[in-house]
């Protein structure tokens, strides 16, 4: 066992050669058990310095080890280090206040890689995240478009008096999404993330076209089924792709963008319904609009880089390096490739099958993912999205479509706030806050429909309670599960485990969409809302005891910490 400590001081970098020499000297010193205090351009102390008399030096802009390695010295030192056998990259942990690095090695120094040096990214991830989020927009749009259009399409298709067929128009897309979510994981593993996006554009576009041109309920249901398959695939694929291409330091923010664009899609669908009162045939245009982003998704993904992690898993190391260059810049290639190797993705372990998800090794973490989506749906969010128009009308709101649009706007606003907090507050705390707020809002809604003293204000309270509920949902319960799942699942099960969890999402979503109105008619809206509030309370307890925090940690670090050996 070798153990050493490196102390980094300030000072200017006197020469490039000296920088490289200093780095090498400090690394060797640490590995041999000594202490090395170095100042770029200043004097250097012998490794014989007594560790107990160490002096901590704050890191600043002077170009000390902690900052200098990320500037001029990093480029040269990184190249020199890359040629050595092994490396210490992942063994270093820096103090947030002082320029102090510790290295602990249990292997021969010559086998420890020295190439993992963090440098600033010069790549461009955002355009590719934006392309992927077209799938999130379509997800939200196809979910929300039926909200305002249902009454009008029911009259045109002759099912205005048939509540069961109307329920099938709403829920068929959810059944398709269940199939699509399970299929998406296998397709993503087999063909890659970008090719699966391109394949997914076909059912999305065709489903939208058939729905827009339907002359009977059968064609409408087929169109909704195809669109559902498409959004099911994209629901698994978008968060998976974004998590795998996002830099660690902003992965939470970019991951929450997925939910933001789902909300934007829902809002767009609700706003698209505003002309319906003046033009009842407008519902066809509402469905047809979705063809355009479907085509743009396919075209955009044809020019987007594949996930480096997927390429590395397939043994396509050169292509993985090229993808890293496009995403983060050439400066990050060494660091990212080291992370991929360190995570064990280059092992000979075969790709996980569906039954592996239920093994002792993975079931605990997979069950967390499934439970989060189950709580998300049983807490009532999609009942609010699908039927807010009907609920507002029954509460006496004059402009029910406008009230539903307000709900969509609240969803977008809350998600924007969540995006700014995701990498600061953390995933777990946002989940607990979110479900607590949702439970309180549902309790308010239940009381507004129960207490006679509140009857004169029931309409106003219905809108306020619903908006507060959606805001609370958007703060955590909405964006966090889709972000957290790709983070906590091991690379060899990631696509399938995300698909399984989203399958739970769509199954519960399907039954809520199909039976919500029937349950309301039987038990009353107040009782249903009390049930949703109870689910929120259970969710808070479950999250507090089972969910791990992942902010600020790379996917590889999380995988190593959560991995369980059979």
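Glycine residues also receive a Cβ, built from the backbone N, Cα and C atoms like all the rest.
According to TrEMBL, the feature domain 'Major facilitator superfamily (MFS) profile' maps to 128-551. Confidence across the domain 'Major facilitator superfamily (MFS) profile' (128-551), taken as the mean pLDDT and rounded to a whole number, stands at 84.
Here TrEMBL flags 125-143 (among others) as transmembrane segment.
Taken from TrEMBL, the feature transmembrane segment covers 221-242 (among others).
Taken from TrEMBL, the feature transmembrane segment applies to 254-276 (among others).
The annotation transmembrane segment is assigned in TrEMBL to 282-303 (among others). For the transmembrane segment (282-303), the residues of the chain that approach it from at least six positions outside its boundaries are 131-132, 134-135, 137-138, 141-142, 145, 148-149, 152-153, 156, 194-195, 197-198, 200-201, 204-205, 208-209, 211-213, 223, 227, 230, 269, 272-273, 275-276, judged by C-beta separation under 8 angstroms.
Residues 143-144, 146-148, 170, 266, 357-358, 400-401, 403-404, 407, 431, 435, 438-439, 442, 466, 469-470, 473, 477-478, 480-481, 484-485, 488-490, 493, 497-498, 500-502, 504-505, 508-509, 512-513, 516-517, 528-529, 532, 535-536, 538-539, 542-543, 546-547, 562 of the same chain lie 6+ residues outside the transmembrane segment (365-389) yet bring a C-beta within less than 8 angstroms of a C-beta in it. Per TrEMBL, the feature transmembrane segment maps to 365-389 (among others).
Within its own chain, the transmembrane segment (401-422) is flanked in space by residues 144, 147-148, 252-253, 255-257, 259-260, 263-264, 266-267, 269-271, 273-274, 276-277, 384-385, 388-389, 392, 430, 463, 466-467, 470-476, 478-480, 483, 551, which lie at least six positions past its ends and keep a Cβ under 8 Å from the stretch. The transmembrane segment feature in TrEMBL is assigned to 401-422 (among others).
Within its own chain, the transmembrane segment (429-449) has Cβ neighbours under 8 Å at 372, 375, 379-380, 395, 418, 421-422, 457-458, 461-462, 464-466, 468-469, 471-478, 480, 524-527, 529-530, 532-534, 536-537, 539-540, 543-544, 547, counting only residues six or more beyond its boundaries. For 429-449 (among others), the entry in TrEMBL reads transmembrane segment.
The transmembrane segment annotation in TrEMBL covers 461-485 (among others).
Through the fold, the transmembrane segment (497-517) approaches residues 163, 167-168, 170-171, 174-175, 177-178, 180-186, 232, 235-236, 239-240, 354, 357, 362, 365-366, 369-370, 372-374, 376-378, 380, 382-383, 386-387, 390, 481, 485-486, 489, 528 of its own chain, all at least 6 residues removed from its boundaries and within a Cβ separation under 8 Å. Annotation comment: TrEMBL describes 497-517 (among others) as transmembrane segment.
Listed by sequence, the residues of this chain that lie at least six past the ends of the transmembrane segment (523-544) yet keep a Cβ under 8 A from its Cβ atoms are 371-372, 375, 378-380, 383, 391, 394, 428, 431-432, 435-436, 438-440, 442-443, 445-447, 449-450, 477, 516. Annotated transmembrane segment per TrEMBL: 523-544 (among others), in sequence order.
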Item to complete: Could you tell me what the rest of the chain brings near the transmembrane segment (254-276), counting residues at least six beyond its ends with Cβ under 8 Å?
Response: 125-126, 129, 132-134, 136-145, 147-149, 152, 238-239, 242-243, 246, 282-283, 285-286, 289, 385, 401-402, 404-405, 407-409, 411-412, 414-416, 418-419, 422, 474, 478-480, 482-483, 486
